[in-house]
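Over in TrEMBL, the protein carries these features:
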DISULFID  Cys81-Cys98  disulfide bond
DISULFID  Cys97-Cys159  disulfide bond
BINDING   His158, His180, His189  Cu cation A binding site
DOMAIN    180-197  domain 'Tyrosinase copper-binding'
BINDING   His314, His318, His348  Cu cation B binding site
DOMAIN    341-352  domain 'Tyrosinase copper-binding'
Amino acid sequence: MASLPLSTVAITNISSLSRPPRLPQPPHRLTISCNTSESHPGKVDRRNLLLGMGGLYGASNLILPGAAPASPIPAPDLAKCTRGTNLNLRQPLDVDCCPPFSENALDYKLPSATDIRVRPAAHLADNAFIAKYEKATVLMKALPADDPRSFMQQANVHCAYCNLTYDQGGADPSNKLQIHFSWLFFPWHRWYLYFYERILAKLIDDPTFALPYWNWDNPKGMAMPSMFVKENSPLFNPRRNQAHLPLTNPPPYADLRFSKKSSTPQDKVVPSNLTEMYSEMVRSAVNLEDFYGAKYELGAKPDPGAGTVERGSHTAIHAWVGDPNSPAGEDMGNFYSTGRDPLFFCHHANVDRMWSVWRDLRGSKPKEFADPDWLDTSFLFYDENAQLVRVKVRDTVENLKMGYTFQKVEIPWLNKRPKTKARVRKLKVAEESSAPKATDASVFPVKLDKVVRVLVDRPKRKRSKGEKEKEEELLVIEGIEVDTSEFVRFEVFVNDEDDGPSDVIDLAEYAGGYSQVPHKNAANVKSKMRLGLTELLEDLDVEDDDKILVSLVPRDGGEDITIGGVKIIYV
Ligand code: C2O
């Protein structure tokens, strides 16, 4: 019953797609298996590869009998979890985060959602709620260490899926699974919180229990929620940035453009955060891929590109909470340890809420991918009965069908479209600039140990309203290579002439930022980021210009960032 309406949703969205389906990944990203078998449903059939070479792969409606063109990532094989792995931080660190082994994974069916749990905003939660949450967490921490529902085992779930401990499931066993930096980010974390929440609820035998969300997109909720900082509470964790605890009046607000070297001054943090949220949720998140992250299917390398929220506010909170005096930013500031801080789940409940809010803003535009490579990607979790279950992305698209919703609060960033300061006319900035062209062979690749400015050609100008609605103009920063064991951040500005745009808080010139939570490295991974330009160019009044001046501004770890190129596309 439960899966039927979901598939109806997917079909509806196929027919409402106004744009042609995305081009398939080039054949070299596929892995070939000579013996496709039912136990490895994700392996790519050679026939499909041949089909791809023949150019027919892109015809999405063409499904030959017996051939399955999709190649979603299958649920990981627990037996192949790499135990005692070196997480490749700067200092050697061996953490075993593999789950207890179990052979029998059941296909998970969403229970029919009759009573809807309501996740409260953490800053509005009352004492009765906090008492329940504390009690449930105490009980979770008291479970035997090898119980997959115990607090440390739950923390390790994040480590296992985020530090390349599982095989991805394709033909190449060295290609490991990474559920960040791609379109798996929102669905995987939704499942993770879903089971964590159900385990807590079951421990206190309260089916209405729901995780609180840290409402960091709203000034009223921007401080670290106080229920997590009482020293005798099970929600307390000493491994946090002590300068960011809510112990002063007013308390420090989380900086959604945080970097350790240049954080936003506290008196500017609210406008800066609201601009950031507007950019992540509206201005730069027009296409599905830009919000969700890039396609990541069987055979693909990790980190094809994170979505706006993942690489922005989400990463900023991790880095803002983690303890800068611990060896690797523990706990929140590193993927292997982040699940050890109860605050992680409160943070991610708001990330999860952002997904629901964004969908609500979409109107008639597609709200999720219709691509089976996304819908049929599978994961394994232990449920509240310690039963191993296999879940799919397709069951995550609507939180109500999963039995929960969010306490409604105002959304203060919705009307925060940034404005150019009246005194700064951005016309002619590019024309008068002496910066090199992005296409000059000498420019890229470049290390971001300094501000890098380039002129980028705009293939289309003076686009009509209809053209803009049909195609978003996107600035693509590609070939991004970073040291993944370090926190890094850089920001991108358009037609900004100042040398140190650190004063830029809510200006139209800010196109977006890239940041990353440290994690285990996969060698030679190049990522990309796409930034929406359509609104930005309107705001700067430069839609007639045939080029723009792009500034890449390192904020943290610039010496560890290399950029491969910058260009404009229309999608
Ligand atoms: Cu899986 Cu916020 O990290």
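Cβ from N, Cα, C; glycine included.
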With H, G and I counted as helix, E and B as strand and the rest as coil, say where DSSP puts His180 (Cu cation A binding site). coil
If you average per-residue pLDDT over the domain 'Tyrosinase copper-binding' (180-197), what number do you get? 98
Same-chain residues at least 6 apart in sequence with Cβ under 8 Å of the Cβ of Cys81 (disulfide bond), in sequence order, are Cys98, Pro99, Ala160, Thr165, Tyr166
Could you give the Cα-Cα distance between His318 (Cu cation B binding site) and His158 (Cu cation A binding site), in whole Å? 14
What's the CA to CA span in angstrom from His348 (Cu cation B binding site) over to Cys97 (disulfide bond)? 20
If one measures from the C-alpha of His314 (Cu cation B binding site) to the C-alpha of Cys159 (disulfide bond), what distance in angstrom results, rounded to a whole number? 17
Intrachain C-beta neighbours of His158 (Cu cation A binding site), sequence separation six or more, cut-off 8 angstroms: Tyr192, Phe335, Tyr336, Thr338, Gly339, Phe344
Including all protein chains shown, what's the count of other C-beta atoms within 10 A of the C-beta of Cys97 (disulfide bond)? 25
The correct three-state DSSP answer for Cys98 (disulfide bond) is coil
What's the CA-CA gap between His189 (Cu cation A binding site) and Cys159 (disulfide bond) in angstrom, rounded? 12
Sorted by sequence, non-His314, His318, His348 residues with Cβ within 8 Å of centre, Cu cation B: Glu310, Thr315, Ile317, Thr338, Phe344, His347, Val351, Val517
Rounded to an integer, what is the Cα-Cα distance in Å between Cys159 (disulfide bond) and His180 (Cu cation A binding site)? 11
Surrounding the recorded Cu cation A site, with Cβ no more than 8 Å from the Cβ centroid of His158, His180, His189 and those residues left out, we find Tyr161, Cys162, Ile179, Phe185, Trp188, Tyr192, Phe335, His348
Reduced to three states, what secondary structure does DSSP give Cys81 (disulfide bond)? coil
